[in-house]
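Participant: Copied straight from Swiss-Prot:
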BINDING   G27, R30, R111, D154, R157, R160, R163  ATP binding site
BINDING   G27, R30, R111, D154, R157, R160, R163  CTP binding site
BINDING   D40, D42  Mg(2+) binding site
Amino acid sequence: MKEPFQKALGIIQTLQQHGYEAYFVGGAVRDLLLNREIGDIDIATSALPDEVMQLFPKTIDIGSQHGTVVVVHNGISYEVTTFRTESEYEDYRRPGAVTFVRSLYEDLQRRDFTMNAIAMDAEGKLIDPFGGQEAIANRIICTVGDPKARFSEDALRMMRAIRFVGQLGFSLDEETKQAIIENAALLAHISVERMTMEFEKLLEGPFASRALSLLVETGLFLYLPMLRDKENELQAAARYNWRLLDSRGQRWGFLCYILCIDSAADFLRAWKLPNRLIKEVEMALRILQTIPSSSDWTKERLFEFGLEHAIAAETIRSVASGENVEEHRKKLNELFMSLPIKTKKELAVSGNDIMKWFGKPGGPWVKEILTLIERAVIHGEVDNHKERIHEWLIHRNLIRGENC
């Protein structure tokens, strides 16, 4: 048994010693079978939430009404959830009521996809009543039971299905795919925040291109923020190598760039994204407008925009044009390393120095002089030392020698 499960084994053993059933469930078991990195370990048990909290000294009630308690074991937090069933769903997104049960089978039966409905006991034996292992072996995503019923319970499951395509490279079971096509409109009931979370995971996956194509094919894109009129652009976006975009800002920036979005800020706000990310994307897009070609970078421009923003913009441009991303990043890094100063903070003089030397009160002129000095330092006209800069200003007849 792999280490992440070993660390949590004490929880299962404690529950079993007190007469309860307990199993590892969900994504961790799936990822074990896929030989992927194992994330959070989740445990399902026949013990009720109150019973779980009585057994363990350190617990956090994060939703006992829905059956979930966090147990802190050896300094690590684990979600322990009581076996449960769910009644009719409300608004295509949440169950009207949760009923605690003592049956693992009933608990697994309520889950979304067969690959996520596998349990593992303390000895490593798998309990797989719905064919999850077979689905994994065949690289197929299919629902537990009737896909139309699963998607009408929680419409976000349709996005999750395609997100898993993006992450795992699996194919959609034909019945599952057809149910998404027929029920795509239900996605309109889902909050933007939940859709954004799934969409970001989709874009981050190694098979994002395949997933984007499926968003169009199934019609789900029609119910995603500001994508209704972007069918052709999305199909084009699916042809690019998204693996080369290695940050959140680069992925959203590339999407705006390829979709020809008029206002990136409006588009990203529609997805309820944070202001910091919006500013990051806007900067990358501004660079692409300001610097027409990757060969147009100068020391001054790179100092102005900064290496991180420059690399983001050039990555977007390179992926869009099919050019060598690493080559452009390397050139930018080399140019940046050649800069005598990398940021404004590294300049040897301050605004106070300038006001003292010029014998004048502050104003916009101070920033103009500092910018002039920055350019001179960057281009090697003067060393970045306070005395040298002062002499340079005198030599340029900008200040009188006696003002020092």
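Yeah, the Cβs are placed from backbone N, Cα and C, and that goes for glycine too.
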Participant: Report, in whole Å, the straight Cα-to-Cα distance of D42 (Mg(2+) binding site) from R30 (ATP binding site).
Facilitator: 12
Participant: Would you say which of the binding-site residues D40, D42 has the most Cβ atoms within 10 Å of its own Cβ?
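Facilitator: Result for the most crowded candidate: D42.
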Participant: Between the Cα atoms of R157 (ATP binding site) and D42 (Mg(2+) binding site), what distance do you get, rounded to the nearest Å?
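Facilitator: Given the Cα positions, R157 (ATP binding site) is 19 Å from D42 (Mg(2+) binding site).
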Participant: Within 10 Å of D42 (Mg(2+) binding site), Cα to Cα, which of the binding-site residues R111, D154, R160, R163 are there?
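Facilitator: Among R111, D154, R160, R163, not one has a Cα sitting within 10 Å of that of D42 (Mg(2+) binding site).
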Participant: Of these binding-site residues, R30, R157, R160, which scores lowest on Cβ atoms within 10 Å?
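Facilitator: Sparsest of the binding-site residues R30, R157, R160 by Cβ contacts within 10 Å: R160.
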Participant: Sorry to bug you, but what's the C-alpha spacing from D40 (Mg(2+) binding site) to D154 (ATP binding site), rounded to the closest Å?
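Facilitator: D154 (ATP binding site) to D40 (Mg(2+) binding site), Cα-Cα distance: 22 Å.
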Participant: Write down the Cα-Cα distance for D40 (Mg(2+) binding site) and R111 (ATP binding site), rounded and given in Å.
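Facilitator: The separation of the Cα atoms works out to 17 Å.
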Participant: Could you give the Cα-Cα distance between G27 (ATP binding site) and D40 (Mg(2+) binding site), in whole Å?
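Facilitator: Between the Cα atoms of G27 (ATP binding site) and D40 (Mg(2+) binding site), the distance comes to 8 Å.
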Participant: Across all protein chains in the structure, which of the binding-site residues R111, R163 has the highest Cβ count within 10 Å?
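Facilitator: The largest 10 Å Cβ neighbour count belongs to R163.
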Participant: Using the alpha carbons only, what distance in Å do you get between R163 (ATP binding site) and D40 (Mg(2+) binding site) once rounded?
Facilitator: 18
Participant: Could you tell me the maximum Cα-Cα distance in Å between the residues recorded as binding ATP, namely G27, R30, R111, D154, R157, R160, R163, rounded to a whole number?
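Facilitator: Of all Cα pairs among the recorded ATP binders, the widest measures 21 Å.
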Participant: With every protein chain in view, how many other Cβ atoms are within 10 Å of the Cβ of D154 (ATP binding site)?
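Facilitator: For D154 (ATP binding site), the 10 Å Cβ neighbour count is 22.
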Participant: From the Cα of D40 (Mg(2+) binding site) across to the Cα of R160 (ATP binding site), what is the distance in angstrom?
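Facilitator: Answer for this pair: 18 Å between alpha carbons.
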Participant: Mind giving me a neighbour count for G27 (ATP binding site)? Other Cβ atoms within 10 Å of its Cβ, every protein chain shown.
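Facilitator: Other Cβ atoms found within 10 Å: 16.
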